[in-house]
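Here is what TrEMBL records for this protein:
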- 73-215: domain 'CRAL-TRIO' (DOMAIN)
- 301-419: domain 'MSP' (DOMAIN)
- 467-491: transmembrane segment (TRANSMEM)
Amino acid sequence: LIDKSDKYDSRDVERLQQDDKWVENYLHWRHDVVDDTLKMIDESFQWRKEYTVNDLTESVLPKWLFENGALFLHGYDKEGYKLFWFRVKHHVRDPKQQLEKKKLVAFWLEHYAKRDHGKPLTVVFDMAETGISHIDLDFVRFIVSCFTDYYPNFLTKIVIFEMPWIMNAAFKIVKGWLGPDAISMLKFTNKSDVQEYISGEYLPPHMGGTDSFKYSYPPLVDDDFQTPLCENGPITSEDEHESKEEIDADTKETVELNEEQNLNQKKMNSVEQISKSEETDKTEFKPKNAKKALTTFKGPLLHISPAEELYFGSKETGEKKCLIVLTNVTKNVVAFKVRTTAPEKYRVKPSNSSCEPGTSLDIIVSLHGGFAASLQDRFLIMAAEMDQSSGAGVPELTQFWKEVPRTKVMEHRLRCHVVESSKPSSLTLKENTFNVPAKTNEDLHIQLTRLLQINKRLQEQIDRCLWFQQLSVVLSLLSVTVVAFCFYLTYTQRS
């Protein structure tokens with residue numbers, strides 16, 4: 001590799017020397033045959049430099065490529081692998097555009113490989129409503145070769161939906177490109193059997209599913225999170241069937257919670273991560289199979305609790321609400337947005353707002369209707385600093401998000417976790433934490449931790465008040481001294 005280093009991007013060579021997992025993926029994909037592995041590394045590195053893979057961004061690719069909607073990432077298969085969609089009906093064979101389209105494939109693969117550290121993908125060729133003009137064997141071959149030759153151990157299966165009969169002969173050629181190992185990954189499906197591999201929640205209606213997701217551009221922060229939530233959550237038919245009692249109870253609970261939060265959280269400093277001693281105590285209380293200790297993600301703009309996962313109950317346990325605490329650690333107003341991979345399931349209040357400097361704000365995430373949380377559900381919190389002169393109303397926020405550069409947006413992702421039986425030790429809002437008697441040592445610890453955090457905030461607020469009080473006394477004494485000195489000067493001049 002060293003002899004041909006001029007043919008490679010130095011960043012790839014450096015990564016190969018430092019990333020053992022990457023080397024293992026090449027070896028595994030070539031069945032631990034060293035010569036074959038080196039050959040694959042050589043070919044893939046030359047390809048990566050030719051396509052400038054490390055430098056592919058939205059700005060260097062034509063906007064129409066993204067708007068076309070032929071290629072995108074969205075959803076998961078039944079094994080939890082990300083779906084890479086190729087909507088063939090949106091692709092028209094055109095040799096003049098071929099290179100740019102191939103770079104778009106490379107952009108998406110590299111985008112996902114860097115974000116999820118190479119976790120494998122499932123490719124879906126959606127061939128519904130396709131005809132002769134959409135058939136492009138060269139482009140199909142390129143997509144296949146990306147997985148077989150350039151991205152090692154990155155393919156789990158290729159799901160082909162409703163392949164037209166005219167493509168039967170062509171796919172015999174495709175099988176020849178795949179080789180014997182990858183042929184077993186081909187899954188030919190139609191509406192009646194595609195759900196063997198992908199559940200209905202991630203299939204569009206024309207494939208027999210219920211996924212209302214529609215690809216659109218912009219934005220392109222992460223294709224999982226295309227659909228922003230509105231302030232009161234998405235409106236679905238499920239809402240119409242909720243009883244008035246449920247809505248009233250939900251409103252009352254939210255109001256009581258907000259009153260308590262407003263008393264304890266206005267103009268307070270950030271919630272610090274639990275100290276090591278506190279975590280040690282939590283470990284002693286922790287029952288078997290319970291979740292890990294509550295932590296705080298410390299971002300440059302916001303501190304976010306919990307740091308990694310939102311804990312919901314299963315249908316049996318009935319835990320349907322979680323709390324996300326955002327704390328602004330800057331000296332400016334921070335605008336934030338919350339997005340989700342499953343907007344039909346969740347209400348987020350607030351989902352698009354701002355946080356004042358030094359204050360904490362609670363976001364309530366709740367399931368509604370008959371929905372249950374899924375391990376594949378994700379939340380994305382986006383945040384960016386606003387100028388002091390900017391307003392924080394809905395029009396101002398809308399304009400702000402249109403203009404803010406991507407480089408200035410902080411992003412943090414949260415996963416969902418479903419608790420089957422024992423009550424989770426997270427910020428879950430099934431009941432008011434302060435009014436429910438402790439049922440377990442862990443519940444008691446959660447309450448104590450929450451009280452300690454509030455107590456710490458109040459103590460900091462008191463310390464600030466005392467400091468201001470002392471400063472006021474000093475300034476008052478200085479004022480008296482200055483006034484007295486002025487009187488003295490006036491008296492001496494008259495004498």
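Including glycine, each Cβ sits where the backbone N, Cα and C put it.
Heads up, TrEMBL stuff is auto-annotated, nobody curated it.
As a summary of secondary structure, the domain 'MSP' (301-419) carries 13 helix, 58 strand, 48 coil according to DSSP. In terms of DSSP secondary structure, the domain 'CRAL-TRIO' (73-215) contains 69 helix, 27 strand, 47 coil. Regional average pLDDT for the domain 'CRAL-TRIO' (73-215) in the model is 85.
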